[in-house]
Amino acid sequence: MPEQHPPITETTTGAASNGCPVVGHMKYPVEGGGNQDWWPNRLNLKVLHQNPAVADPMGAAFDYAAEVATIDVDALTRDIEEVMTTSQPWWPADYGHYGPLFIRMAWHAAGTYRIHDGRGGAGGGMQRFAPLNSWPDNASLDKARRLLWPVKKKYGKKLSWADLIVFAGNCALESMGFKTFGFGFGRVDQWEPDEVYWGKEATWLGDERYSGKRDLENPLAAVQMGLIYVNPEGPNGNPDPMAAAVDIRETFRRMAMNDVETAALIVGGHTFGKTHGAGPADLVGPEPEAAPLEQMGLGWKSSYGTGTGKDAITSGIEVVWTNTPTKWDNSFLEILYGYEWELTKSPAGAWQYTAKDGAGAGTIPDPFGGPGRSPTMLATDLSLRVDPIYERITRRWLEHPEELADEFAKAWYKLIHRDMGPVARYLGPLVPKQTLLWQDPVPAVSHDLVGEAEIASLKSQIRASGLTVSQLVSTAWAAASSFRGSDKRGGANGGRIRLQPQVGWEVNDPDGDLRKVIRTLEEIQESFNSAAPGNIKVSFADLVVLGGCAAIEKAAKAAGHNITVPFTPGRTDASQEQTDVESFAVLEPKADGFRNYLGKGNPLPAEYMLLDKANLLTLSAPEMTVLVGGLRVLGANYKRLPLGVFTEASESLTNDFFVNLLDMGITWEPSPADDGTYQGKDGSGKVKWTGSRVDLVFGSNSELRALVEVYGADDAQPKFVQDFVAAWDKVMNLDRFDVR
């Protein structure tokens, strides 16, 4: 689902009787008002210009990787440990240790990740900003971040908030006796919130995201607006552990977790700390974004008792899971299976479970030295016992706690790194040597790279192979454009365009030219590598990109431009065994406006899906525009469809797409085929061009038309070629973290 696009309504006007779409009054731009209020269905091109350089106070020359490398990680760990074990009167620590709070903070930062579009996760430090900083599920995490300010203040630019939030959770586990799998620094702070689609609901805890029996809308993972994953009281507050298990399995699957990882994360996370529901929830004040100015960014101020410590209210549930809440052990499972449970309510009125018939009364310590408590559990905790699959997993851990420790360590490591992309992006001394399958491994370069002479020779072989400009450009685009800037997955490196599942994706036209291109490039690779001197070799992945570059040079020459398209060798080839088919399946594009492809079941019209794709490719509006225009004239459309190919000189890198789109002698109308396409007719009424919604939006939308006019001018051809090549090179190298 695209980012920050309002629902598409049947009309462009609102409910006002005079036809004006704005009900009430217009807001100042500084209040958030603007054109979107008047025309809610207009394309929001701002999603292509998020976190601009001018908003970054560190400046363009700032090198976070270099700064974080100077940190003494042992000293940093000690500083965090001191914060964790020093209770502050303004927010007293349960059991004298903030570790459980920091685990929750890290979990909730990373746990927003969802597989279907790769958005969410801990990168960027998004938990600091709206809406995440004010989600009901993140209540009181504002205090956790304030507790860490002395550490952030000390290390300043050397340590990002994004890294600190997650590393504090890792340190908390270690502080309480758990051995973690490792940690990678490298999360760079952003300075404004990502405009992410979190759901259609306009109220907290709304659940309009479901249809049918319990079908959750893609790409969402959480069950309700404002929750990280599932409702701890059960589906919509129905405290049915078996029904909750259904939500748990689906939500965690959409967070990239299997059943074992899911169970391990729940058991491991709930080995520590407690929930907070000391009194009536209606005594809790507004979230940070709605709180009074004088609260200085803190929210959820409670008027129940002291509002803190023993009187704290967060989720409204009052559960302490174990009798050792600041120590790693197997007590969660021992208690879960050691008692029978009955449904009760917390002092705040929330559903929870208590050990039946008063069993275990007094065995659970109070966080502030009060009388001992009875064992308690969440409805979702009991799901691990009543669901047959989770029950089989967790009962084994009850007898084999060392297996639980191993699985939790790996699952936690995956949780907090899933949005970081390949391990090449992990920094610091705590990065494990082992690379895991979910990290989409690619082999290290084990040969000498091709130089200028070899590159020139390979280009000649590719051009003489019989492959067309269209075939070569389409294949290179298919490989590289699988990249997602959200979770840094995909891209041309690894050469996975020839592996399952990518080779079979509908958007890649697997029964068309793709397999022919693959075979031909493999033959060129084999021939070159067998004859090249010394240890010089070329990978298939490099050849795919080089083929596209060679084709663009040929097309530019046909248009009268002698250019050299940049090419940086160094990609390697992954094997099918290094490729998790199920994990890669979610990268399959359901729409790619750059190729004029629109699959079935998309939630929005094609032009909105184009913006979403461009956003995932980290493209600006000018880059998106020049790429669409160039790819059209190069014949890179899905199945070579003529839609948007506004030129008589296909496979020639001209600005014809823009020139002909702006031609006032062409009249556009919907196709009589009623297939969502359009016909452009000349003055005689003859159909001259056909186009898609993606094509026509560049003439219809005022901002995009302004860009088209740049590239459609009489003097624009050189600039068009230059800008197209630059944008092409950017996409080809989006996954080259080894060189950038």
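Heads up, residue numbers simply count up from 1 along the chain you see.
Every residue, even glycine, has its Cβ placed from backbone N, Cα and C.
In Swiss-Prot this protein carries:
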SITE      R104  site 'Transition state stabilizer'
ACT_SITE  H108  active site, proton acceptor
BINDING   H270  heme b binding site
ACT_SITE  W321  active site, tryptophan radical intermediate
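Mapped onto this structure are the features recorded in Swiss-Prot.
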{"residue": "R104", "record": "site 'Transition state stabilizer'", "DSSP (3 states)": "helix"}
{"residue": "H270", "record": "heme b binding site", "DSSP (3 states)": "coil"}
{"residue": "W321", "record": "active site, tryptophan radical intermediate", "DSSP (3 states)": "coil"}
Between W321 (active site, tryptophan radical intermediate) and R104 (site 'Transition state stabilizer'): CA-CA distance (Å): 14
Rounded Cα separation (Å) that holds between the residue listed as 'heme b binding site' and H108 (active site, proton acceptor): 14
Other CB atoms within 10 A, centred on H108 (active site, proton acceptor): 22
Listed in sequence order, residues with CB under 8 A of W321 (active site, tryptophan radical intermediate) and six or more positions away: H270, T271, F272, G273, K274, S331, F332, I335, T376, M377, D381
